[in-house]
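Reading through the structure tokens given below for one structure.
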Amino acid sequence: GQPKAAPSVTLFPPSSEELQANKATLVCLISDFYPGAVTVAWKADSSPVKAGVETTTPSKQSNNKYAASSYLSLTPEQWKSHRSYSCQVTHEGSTVEKTVAPTECS
């Protein structure tokens, strides 16, 4: 088998175009992990978020490692009413957390 590989996690905030369209989607990209099982948890400030979360099934990349993504759908009001949002990825017992914060100006 191949060695375990920890995922690299990137968290993207909603785009300004999206906010102008009265939508807000956070995207958490998880890539280069092996084996292909991850758990994704979202948090607003420090409270868990369950609603509006959609996580894809990990798919195998060309390098035989896995990639997945998780989406959190919010309203712009929800997005702006918290200090930060976090995407927590747990893989093989270790957790990677990435956080984005809404900027005041948009």
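Each residue, glycine too, has its Cβ placed from N, Cα and C.
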Per Swiss-Prot, cysteine bonded by disulfide to Cys87 (from Cys28, Cys105): Cys28
Nonlocal neighbours by CB distance (under 8 Å) for Cys87 (disulfide bond), same chain, sequence gap 6 or more: Val9, Leu11, Leu26, Cys28, Val40, Ala41, Trp42, Ser70, Leu72, Glu97, Lys98, Thr99
Neighbour count (Cβ, 10 Å) for Cys28 (disulfide bond): 24
Helix-strand-coil residue split for the domain 'Ig-like' (7-101), DSSP-based: 10 helix, 53 strand, 32 coil
For the domain 'Ig-like' (7-101), the mean pLDDT of the predicted model: 97
